[in-house]
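Visitor: Mind looking over this structure? Questions follow.
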Amino acid sequence: MRFSERWLAEWVEHGWDRETLVHRLTMAGLEVEGTEYLGQGLDKVLVGVIEACEQHPNADRLSLCRVDAGEGQTRSIVCGATNMGPGDRVPVAIPGATLPNGLKIKKSKLRGETSEGMLCSETELGLAEESAGLMILPEDAPVGTPVLDYLDLDDTVVELDLTPNRGDCLSVAGIAREVAALADQPLVGPPLGPVAPSTGANRGVHLEAGQDCPRYLGRVVQGVAAGRETPFWMRERLRRCGVRPVSLLVDITNYVMLELGQPLHAFDNRRLHGNIHVRHAAAAEPVTLLDGSEVELEAGALVIADEAGVQAVAGVMGAQGSAVDEETEEVFLEAAHFRPGALAGRARKLGLHTDASHRFERGVDPHLPVIAMERATGLLMEIAGGIPGPVTEALNEADLPERPVIPFRPARADARLGTALGADAMGDAFRRLSFETEEEGEEWEVVPPSYRFDLALEADLIEEVARLHGYDRLPTAPLAGSMEPHAGLETDVQDRPLRQALVDRGYREVITYSFVDPDTVGRLDPGAEPLALANPLSREQSVMRPDLFAGLLETAAANQARQNHRLRLFELGRVFPRIGGEIQQRDAIGGLLAGPVDPPHWDGRRRAADFFDAKGDVEALLRRAGVGAERVELRAESHPALHPGQAARIRVNGEAAGWVGTLHPSVAESLEVDAGTVLYQLDLETLRAHAGDVPRYQAVPRLPVTHRDLAVVVPEEVTAAALQEPLAEGLEEGPLALVDWRIFDVYTGKGVEEGCKSMGLSLTLQPREETPTDAQIEAAVSELVDRLAARVGATLRT
């Protein structure tokens, strides 16, 4: 929002210099983005009168003028314009002046004739982007007066960077209200009284969308001279506020909008047919807008229509069919209150952003249309003449915004702000802001004015107190409360260590949408019933993910389509599975492996990642989460997305905690993912419930370990996990401890009974106190074999 400092001064006498005004506005939350002084270089530009104007003797397109600039002598000035003559008053830049465009004026010779200055156009004075000739001043302009004073150019334009909630400050009046409150001065402003009708001419108004437009005012003004030029003072104020002058009628409505904050629209009354209808558009209803664009409106768009069709998109732009021009003699003025939600996004959908839509989307005072209508009528009659008819108002009072009653506690405000302002100072602040206040006891009732849409909570009122007091004046004090850090338990499962564990193993983290394609979910689990979104971004993002597989696989497919086949991806996020018929929100971590285990190498060996690589990564995650291997079981089970022979359910203490397996070939083909891709997922909430294994310190052994290899024959259905418990329980006492064991071979065939398999075990034994004898080592191995025989039916292979 741009405003003129001089225009503001007509509304409130604040008594501040420019720097103070800028500082006080910024400290009140209305950030000043910049200022621009308009009189730069114009101190040596005077009002002059042309006494004579002759043809330049040496140039056909130049004139030689004698000009009196009130200096006691005439100046000879060469000029290339053609729109001036003797008696005209014009701006004269005398030698030594530097114009806003940087041009330095000095005495010089042009085609052999001396030129002692320059006659200026509006462009050269910085008042317009282009002009057709010299700026001709009124006949009563006093000769010798600095143009700076005569044209009121000793002015500064201030530009505010307003936040969207402060739509009430999108006008000179709105900013003046803030300044008046900050300076504790009354508002002055121009006269805004009613204009009595002089004719009965009117036009009926019907509210057919009263919820979206609860107030609509219209007025017919006859006999206007629309072809008159907009007064310089009005054009200049519009320009200083960043609005381009267009024509007299449009300029008047724009002027009132900038002054009061109420957008208006002027229709050519003779181009309207019958009554005005404020209604919703039909689907694809056509209209040609003022900018020439032909659009088809969405069903439900708020429009202003007559009996012939749409004449304006409400709060956005009028239609060409009823546009005013220089031939207009009868005007129908419109001032209305539109519900912000009804206009939100409408302009953007039409590819527009207008000053009107900018204000209506943020909210305009519902009582302002009455004042703005009278102000516009008064200006219209003053400048263009005309005979006003009565104001026609259509009102749906029940749908006008209600002013909230907000409870407020002065003591709480002081506590929140760290101040000791007291109730009296806060009551004075509310008075200056025009709030209605019931001050009884420790809790007040405060009603903000109708133009403050942004106030609804006690915290909002506390902020108003801080703004008026000045953010820069709030005291700086150390926190009075105690802040004792609370260390988490070592058994807590934190996200960061899990992420780091996978990064250390060569993974890259991905973050995918929680909204996924229902078709992808159906391919991964046909029986799943994912939660459908009521307002999805698209069909491909219309359900909440029941697991992390969909996002990981879509990411893998996108990478593999770009020839990136070696992938290690993981994601930690929330999933929304249906458990027991109810949707739950749970934390999960999942991973994906595809392609070779190692990058390309000169030795040519490239093993593809498989189920066991993923199983190792899962075990590493479980260890980092504090879940020991003895409490984990991987049981072969079927999952519709995984290969039937390479899938396992992960259980912790018997409770399901996730899946690991190779992607089903048919699913891989349908999702265009490389065959052999491996997936896993762990439910973090289950891990947190069972975590508790904390690493324990063990001294570095003094004695060397002893290794023994042996082969045992077990039934074919016995898994490696089945050996874990009996081996872990073995050698709890005695000279040797079993500190590690590995399977180095699995064999079936000749020499092994049918239905059985041979498993080669490598045992690592650690002496507890002294170097063991061979007999002690053999006894320890025999004890372990006996335990395996008792628990899984193992026999020592010979």
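Every residue, even glycine, has its Cβ placed from backbone N, Cα and C.
Residues or ranges marked as Mg(2+) binding site by TrEMBL: Asp454, Asp460, Glu463, Glu464. Annotation source TrEMBL lists domain 'TRNA-binding' at 39-148. Feature annotation from TrEMBL assigns domain 'B5' to 401-476. The domain 'FDX-ACB' feature in TrEMBL is assigned to 701-797.
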Visitor: Quick one, of the binding-site residues Glu463, Glu464, which Cβ has the fewest other Cβ within 10 Å?
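Guide: Sparsest of the binding-site residues Glu463, Glu464 by Cβ contacts within 10 Å: Glu463.
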Visitor: On the 0 to 100 pLDDT scale, where does the domain 'B5' (401-476) sit on average?
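Guide: Summarising the domain 'B5' (401-476) by its mean pLDDT gives 93.
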Visitor: Please give me the CB contact count at 10 A for Asp460 (Mg(2+) binding site), counting all chains in the structure.
Guide: 17
Visitor: Neighbourhood of the Mg(2+) site (Asp454, Asp460, Glu463, Glu464): other residues with Cβ within 8 Å of the Cβ centroid, in order?
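Guide: Nearby residues not in the site list: Arg452, Leu455, Leu457, Ala459, Leu461, Ile462, Arg467.
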Visitor: Do any residues at least six apart in sequence from Asp454 (Mg(2+) binding site), in the same chain, have a Cβ closer than 8 Å to its Cβ, and if so which, in order?
Guide: Asn165, Arg166, Asp168, Asp460
Visitor: Check the DSSP secondary structure of Asp454 (Mg(2+) binding site), expressed as helix, strand or coil.
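Guide: Looking at the DSSP assignment, Asp454 (Mg(2+) binding site) belongs to neither helix nor strand, so coil.
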